[in-house]
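Everything below concerns the one structure shown next.
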Amino acid sequence: MQDKLKVLLIDDHPLMRRGIKQLVELDDNFEVVADVSSGTEGISVALQTSPDVIILDLNMKGLSGLDTLKGLRAEGVDARILILTVSDAKNDIYTLIDAGADGYLLKDTEPDTLLEQIKRIAQGEVILSDSIKNLLLERTHEDNPLDSLTDREMGVLRQIATGLSNKQIAAQLFISEETVKVHIRNLLRKLNVHSRVAATVLFFEQNR
């Protein structure tokens, strides 16, 4: 039997937190290891439970979602972190992605869609709401940072941007999964970003 994906919920709104928990627990693929109301508690619980996915609210009292995200990464928590919030402010999106978020969904996401996106993010895919993608397309740069990539690195990035996992990219490009990881490390370094989500953002920006 396949192990369930461990999910940690961090949201200071009790009703929202309870609703998301009940939704996630309807799917046998998931186990909610904890649901907490503050970022400080969330960091502590994450270190104790080693979740696969953390669903994090942005606008929380006390430690903000951004500071919680930074704290989780600073403590070495390698869970996939999905921001689930009502905010679609551009600055919030850019800042959170740069800080190491693996996905960004709005709270008006359909329940079935949310469950599917949690599965995808756990598999290493990039998750962004369609409205978020549209916002990213509006951002402009004078220089194209993608020009520094080799053809192969660009091919890998193009696959990342479609939401494929490393294993799927390897199959698509007929290369090993380890080679995919090497290309990803190189392209992240060249683009001066720290996550595949941030690299995807650049891809969308330059391919309007």
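Each residue, glycine too, has its Cβ placed from N, Cα and C.
Feature annotations, reproduced from Swiss-Prot:
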- 166-185: DNA-binding region (DNA_BIND)
- 6-122: domain 'Response regulatory' (DOMAIN)
- 142-207: domain 'HTH luxR-type' (DOMAIN)
- ASP57: 4-aspartylphosphate (MOD_RES)
Sort out the sequence-distant neighbours of the residue listed as '4-aspartylphosphate' for me: same chain, 6+ apart, CB within less than 8 Å of its CB, listed by position. ILE10, ASP11, ASP12, HIS13, MET16, GLY65, ILE83, LEU84, THR85
So what pLDDT does the domain 'HTH luxR-type' (142-207) average out to? 87
Secondary structure composition of the DNA-binding region (166-185) [DSSP: H/G/I, E/B, coil]: 17 helix, 0 strand, 3 coil
